[in-house]
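Contents: one structure, followed by commentary.
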Amino acid sequence: MSKVLITIFGATGDLAKRKLYPSLYRLYKSGVLEEDFAVIGTARRPWTKEMYEDVVHESISSLIENEEDAKTFASHFYYQAHDVNDSEHYETLRELSNELGEKYDTDHNKVFFLAMAPEFFGTIASHLKSEHITDGKGYERLIIEKPFGTSLATAEKLNDDLSKAFSEDQIYRIDHYLGKEMIQNIFAIRFTNFVFEKIWNRDFIDNIQITFAESIGVEDRGGYYDHSGALKDMVQNHILQVLSLLAMDKPKTYHSKDILAEKIKALQSIKIPTTEEVKEDFVRGQYVENDFNGQHFVSYRDESQVDPESTTETFASGAFFVNNGRFNDVPFFFRTGKRMTEKGTRINIIFKKEDSIFGPDQKLQQNVLTIYIQPTEGFSFLMNGKEVGKDFNIGEIKLDFRHDAAILGNSPEAYEKLIYDVLKGDGSNFTHWDELKASWTLIDKIVDVWSKNEVPLYDYKAGTMGPKASFDLLEKYDTEWNWTPDEWYKERNL
Ligand code: NAD
């Protein structure tokens, strides 16, 4: 499997250094990549091979156990200064590509990782074809990063550009959440546990809550974020992807073709809200200054590179409905935002209430299955039980499981898993064009209503779980956010 030439566009960038080189090194250490692989890094800077090897070495420094091994790994990296807009540069790239292909005996297999701004994707893809860097002799796979468009129209344009050079099954659109351990675990939870599989539907599930909370603000990404906002940055991709895994029907097999078919169906079954429904069921917010945890946080509008009159939402919340039979009328609530109380990504499956034989004095909890995605990873199940004592009193019991930090320390990072999937040719954990099309159609509708400024942009104080309107939304559906700060890991100093 390891025979491959990987070309990284944007090799001097943040993503390459923080994620790609460490992931490739872990794949090397675990034997997925052996001696018959090479990496060409390209970017505008005039680096030499030695400088590039040093950068690669530096970026994997915390993972190195054996210096010799790390040096050998870095020796597989070659640098080529390259302006992606300059056709002549691709000729040099082709020559280097052919030379390394022979030297490392890579069987013409090629992976192209575009770790660059999406505006360059079309240019790069078309040049790879026109300059014959792709030759159709081995496998040829293109990995691209978000954002994939900023609307359905721009996503379509980008897709048209890419599809002139690569077919859908050669394109791997990364949504790094799909590489996360507990997101992949949704398949295991749903389809290996008979008890859940049988009740994963509208007869037993009252509502589903997806929270992607960030405690950080926009940091140094204000310029980018101010043109994007929570809806496009988080909901269009990560939240809708997670929703599709929760809402989809059981795939025939655990193979990418069957999995994608069901995910696509789920996304296409999400009801496009009417203008009135957008006004009623979706909430947008923007954080304002506050003192929290002994720190002062400025308002979003005072962050660097942000328009002081910006109406970009840093918080989005709402209710989606999936009309696929399995889940008709079951709300899928979501919320995501910056500068929230704490960092936490989790999913709560709230099961229906049951009539009680125990009388009004005994308060019964609804069963809740919680999937913890980050910062801790695991699941818990909330149930009722008898409290210890001679009287019969019902109390809440939480079965709680988290992965051992030591095991997690050795577990693959999202990017490592995703690159591994690309090398295997497994597209299950990547976003298909049909999924993007369905998700942009939904998001465009919300953006359209929000941009007319007919719905409030609520303030929320930095360090809170978003505006009150997001809590009111759930109250309207006779439920509430099932969020408790995650005491479990705090108690254990994790
Ligand atoms: P970056 O700005 O750090 O790096 C951009 C790279 O592109 C640099 O190597 C730069 O030299 C190169 N480049 C720019 N113009 C060029 C040109 N004309 N010719 C050749 N090379 C050129 O960006 P990044 O943070 O590494 O992000 C890269 C992509 O990944 C973006 O699409 C971003 O949205 C996406 N992304 C990044 C992260 C992250 O953690 N950094 C996370 C998710 C998605």
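Backbone N, Cα and C define each Cβ position, glycine as well.
Whatever TrEMBL says is automated annotation, not expert-curated.
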Given that TrEMBL lists HIS176, LYS180, GLU214, LYS338, LYS343 as binding substrate, which residue among ASP160, ASP161, ASP233, ASP361 does it place in the same site?
ASP233
Near ligand 1, which of the binding-site residues GLY10, THR12, ASP14, ARG44, VAL84, LYS180 have CB less than 6 Å from any of its atoms?
GLY10, THR12, ASP14, ARG44, VAL84
Around LYS338 (substrate binding site), which residues of its chain at least 6 apart sit with Cβ under 8 Å of its Cβ?
GLU214, ILE216, GLY217, VAL218, ALA230, TYR287, TYR300, THR314, PHE315
Cβ neighbour count (within 10 Å, all chains shown) around ARG44 (NADP(+) binding site):
13
Going by C-alpha positions, which of the recorded positions (LYS180, ASP233, HIS238, LYS343) is nearest ARG44 (NADP(+) binding site)?
ASP233
Among HIS176, ASP233, HIS238, LYS343, these being the recorded positions, pick the one whose CA is nearest to that of ASP14 (NADP(+) binding site).
HIS176
According to DSSP, folded down to helix, strand and coil, what is GLY10 (NADP(+) binding site)?
coil
State the mean pLDDT for the domain 'Glucose-6-phosphate dehydrogenase C-terminal' (188-482).
95
